[in-house]
Each structure stands twice: as C-alpha cells, then as structure tokens.
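Taken from Swiss-Prot as is:
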- Cys100-Cys192: disulfide bond (DISULFID)
- Asn8: N-linked glycosylation site (CARBOHYD)
- 1-28: topological domain 'Extracellular' (TOPO_DOM)
- 53-60: topological domain 'Cytoplasmic' (TOPO_DOM)
- 83-103: topological domain 'Extracellular' (TOPO_DOM)
- 124-143: topological domain 'Cytoplasmic' (TOPO_DOM)
- 162-199: topological domain 'Extracellular' (TOPO_DOM)
- 224-240: topological domain 'Cytoplasmic' (TOPO_DOM)
- 265-275: topological domain 'Extracellular' (TOPO_DOM)
- 296-315: topological domain 'Cytoplasmic' (TOPO_DOM)
- 29-52: transmembrane segment (TRANSMEM)
- 61-82: transmembrane segment (TRANSMEM)
- 104-123: transmembrane segment (TRANSMEM)
- 144-161: transmembrane segment (TRANSMEM)
- 200-223: transmembrane segment (TRANSMEM)
- 241-264: transmembrane segment (TRANSMEM)
- 276-295: transmembrane segment (TRANSMEM)
Amino acid sequence: MQPESGANGTVIAEFILLGLLEAPGLQPVVFVLFLFAYLVTVRGNLSILAAVLVEPKLHTPMYFFLGNLSVLDVGCISVTVPSMLSRLLSRKRAVPCGACLTQLFFFHLFVGVDCFLLTAMAYDRFLAICRPLTYSTRMSQTVQRMLVAASWACAFTNALTHTVAMSTLNFCGPNVINHFYCDLPQLFQLSCSSTQLNELLLFAVGFIMAGTPMALIVISYIHVAAAVLRIRSVEGRKKAFSTCGSHLTVVAIFYGSGIFNYMRLGSTKLSDKDKAVGIFNTVINPMLNPIIYSFRNPDVQSAIWRMLTGRRSLA
C-alpha cells in the first residue's frame, strides 16, 4: 500500500472510517449493541470450545472441527469489532495504512480457514453417514489435524496474497471509507492506480477458495441426503437431518453473505447494503454459529449445562 502525495501535496498515510452511522446521537446505541454482540459471541463460542475440551462424549471428529470453528469465530469478530468500539470511544476515525492492511490480512485469514473447515465438516458427515464402516480409519486424529493444518496453510496463502497485492496499489486521495472496517472492495475504490489485476486475482482465488469447497459441500450432502432417506428408522433420519441441518444453515449464511460482498466489485458506490453485509460477515455469523449448533444439538446443550453446574459426565 503506497501512500502518495495528493493534489495539495499532503501524504496519504491513513484512512478515515466513517463507521456505521454518522449521527452522533446514535453512536452510544451502536456501541452498546456491538459490545453486547461481541460479549455474547465470545462467551458462546468459548463455552462450546470448553465443552468440547472437557466433555469426553464430545471427543469425536465432528466436535473437534466444531471447537476449531468456535476459535475462528472469536478471531473473526475480534479483528473488527474491538477496533470499531475503540474508535467510538475515542471519537477518532483515522486508521493508519499499516493497521488497515493488518486488519485485512487477519480477517481474510480467519474467513479462509472458516471456508475450508466447513468443507472438512461436510466431509466428516459424509464419511459418518455414507461410509460408517471405515469412518474411524478415514477420519483418524491424524487426518483431523492434517485437515485443520491444510485449512490454515491455504487460508494463510490466500490472505497473504491479497495483502501483498493490495500493498502495491497507490493511494493519493480521497481517503474516506464509508464502512466500519478495512476490506478489499472499499480499498479498491480509493486506489488511484488500476485495480484490474487485483480484482481479477480476487475472482480467481475466490473461485478456488469458495467455489471448490462449495462444490464439495454440495456433493457431500447429496450423498448424505440419499443415504439418510434409506434409513428405515424415523428417529435415525431425524437425528441425521438435525445434525446436517445445523451445518447447512451455517454454510448458507456464510457463503450467501460472502458472495454478495465480493461479487459486486463493479458497483461504483458503496451503500448501506454493503455495511449490512459487513455486519453479517463480521458479527452476525460468529454470533449465530454457537446458537445454531447448540440449539439443535442436545449433546452440546447437556455438555455445557454439566460444565456450568459442575456435574461430571457418566460417559
């Protein structure tokens, strides 16, 4: 990210984030709402992580991935919300270019790992339902760790690629971002150099990072649905659909908001719709995930309850 002298000779070394609302009277309301959402998200995800760690009944591949997903949700919301709350308190909207790039990198890192981890969870459900006899060998602890490590490696490469590509652009004014965090679409519109290569890179990498995992998830659940429909027990079908339904809900929200956000780079002006999608990506998704998984999962509910009441599992 190359700061350059603008028309008046000043050097662009920072960006101005306008935030969600410009009305001063509504800033305290925004602060309270986002602080509440942040605390609920952190507590909910850490509760699931703690339950997975201490409850023997949850020491399975599915909950191993769920625990990792909880860590990612905490990381994702922590990249954007605390800095926004800090700006609301200090009433300072300026963000240095370096801090903007750092936020961009970590946001895409956590979102990228999330993308691959959701695919690993779909693969786990496919093996558990469609290949139950070989499930324990195909989804061993070594395989689980390899899937998580590969997710982090791919996401790190993706985040670093976009960050380095963004650092090559020139910014010579204006420097006002009509958003509450730094991301690719907003920065593209402020660049005074061509962003065609960056946008092409975003679409190409996005196809690999999002298109391939999405296709694998769809294929996995087509096989899962076919296998579940062959189950004679009504209770068995209900349990299988309940487990898969939670995951599919999270996948739909995650990919739906992501596609809307990054596939609209041709728009000439960012609107409040982009802010709403940004809230979904950074706040709503991490907050809903523990609610979705625990609400429809009696094992997680009972594990969290036993952990809170100090009771031990009989398993």
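Cβ from N, Cα, C; glycine included.
At the 8 Å Cβ threshold, with sequence separation of at least 6, the transmembrane segment (200-223) lacks contact with the transmembrane segment (29-52), having fewer than 3 such pairs. At the 8 Å Cβ cutoff, the transmembrane segment (29-52) and the transmembrane segment (276-295) share at least 3 close pairs (sequence separation 6 or more) and count as touching.
Here the topological domain 'Extracellular' (1-28) has a mean pLDDT of 70 out of 100. Sequence-remote contacts of a segment are chain residues at least 6 beyond its ends whose Cβ falls under 8 Å from one of its Cβ atoms, and for the topological domain 'Extracellular' (83-103) they are 1, 3, 12-19, 27, 30-31, 34-35, 38, 163, 166-167, 171, 180-182, 187.
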